[in-house]
């Protein structure tokens with residue numbers, strides 16, 4: 001396949017054009033008075049969003065060289081979203097500014113490699129300064145403020161997220177779902193919950209709610225299928241004498257074993273319920289071990305040399321209550337040994353640190369939360385599906401931002417944190433083109449504050465100069481169009497988001513500045529449709 005190449009100024013101009021097209025579409029969404037972007041979908045109605053990364057991901061340009069520039073900035077937004085969960089629009093604006101200023105200097109004869117070194121040194125100084133400015137989140141109120149800002153100044157979302165974090169802790173799992181109703185609600189599940197319900201509806205104890213409630217039950221955890229009744233009989237006889245309820249967790253319970261359990265339940269001989277084991281493969285084994293440690297039981301497994309027919313009461317787990325519906329099982333207050341539980345938690349934390357897979361990390365964090373905190377579910381409600389999707393995206397953004405704030409602390413919002421780093425850059429001594437690279441970063445750090453002011457209908461440069469003339473958290477609150485102490489006003493950003501946005505923007509922009517040649521495939525020309533069959537009279541085709 002033949003390729004087309006462009007060099008030098010033409011290459012950088014094409015890149016800049018692509019960067020500008022994408023960044024101009026994204027930056028209108030920045031700040032409390034940022035505008036929405038409407039995106040056409042192949043199926044269904046259009047999507048309305050104010051989320052930078054959602055806009056960026058939809059942009060694909062016709063010109064192949066311009067598209068490369070757009071895709072590289074899209075990578076900045078995506079990477080920032082993956083690492084910090086928010087700050088995608090800020091990262092895009094910073095990338096555009098660094099590349100725009102840098103490409104002018106390269107065109108004027110500056111050395112791109114020296115510029116790159118200067119940019120990298122300047123960014124490191126800013127990152128260190130941000131860490132100095134950063135303050136840890138003190139209370140639920142500050143967490144709510146971070147959530148509110150990230151959810152485009154929606155205090156309802158901020159408060160719900162703060163309440164969820166307060167209830168399940170820093171490591172608790174918070175999931176976001178679409179609600180059936182109009183209201184946005186929070187439900188907290190205490191204890192360990194896994195997504196397996198009862199195998200047979202005949203086990204139900206509350207027909208109105210279609211739930212099974214077991215008080216002070218014993219728990220039999222079996223790795224394999226149970227289909228033969230005679231294997232179960234010895235342990236069932238011991239439990240029947242005690243008169244306590246029993247929960248059986250196994251790969252499956254079927255045939256004769258299931259029929260016998262159902263008959264005994266209906267007769268009232270045995271208060272029992274059976275559920276399938278959660279997860280698959282190795283993850284299933286790990287989750288069964290988690291349940292065993294949480295409840296103080298044993299996993300009945302041939303690998304461990306324990307057979308079902310030889311199980312005693314000491315091998316069974318215990319809990320205060322277990323609630324089972326058709327989809328979920330919740331174990332509350334397991335009777336496991338505290339030290340064993342702490343050891344398991346340490347082991348899972350180590351695995352989280354060592355894993356390189358995002359999917360595995362997410363699953364390990366879910367397991368950790370089930371062991372230590374519990375699970376909170378935020379159900380997002382709205383009047384229409386379009387509004388619900390937009391609101392759900394805002395809730396997810398706000399959730400990521402609050403997690404980042406708890407992790408690394410907070411800095412003043414509204415682009416002020418970047419402006420407060422300018423003093424540290426002024427104290428850095430660099431020579432030649434490296435100094436020009438530092439000046440590029442200085443100029444770029446003003447852009448987020450300038451854009452927030454412009455989106456609010458103010459003169460950006462005037463606002464930036466006024467904020468630069470003051471110190472600390474003094475800044476412009478675009479929501480009220482007032483100058484004030486932003487931390488007191490609740491306009492705060494997570495340090496992790498602010499830091500990650502700059503690092504990713506500088507990394508990609510500096511790479512683009514050192515580009516000297518671009519290569520792409522030559523677009524194929526569509527050939528006309530083949531001519532029709534000649535020589536036949538009108539209407540003389542085949543029937």
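Note that Cβ sites are derived from N, Cα and C of the backbone, with glycine treated the same way.
The stretch that Swiss-Prot tags with region 'Disordered', taken from the ranges 504-523, 524-543, is 524-543.
Just one of 169, 414, 423 is listed by Swiss-Prot for the same ATP site as 29, 30, 31, 32, 50, 86, 87, 88, 89, 90, 493, and that one is 414. If you count neighbouring Cβ atoms within 10 Å for each of the binding-site residues 31, 87, 414, the highest count belongs to 87.
Sequence-distant contacts of residue 29 (ATP binding site), defined as residues of its own chain at least six apart whose C-beta falls under 8 angstroms from its C-beta, comprise 35, 36, 37, 49, 50, 51, 52, 55, 89.
Ranking the binding-site residues 50, 89 by how many other Cβ atoms lie within 10 angstroms of each Cβ puts 50 at the bottom.
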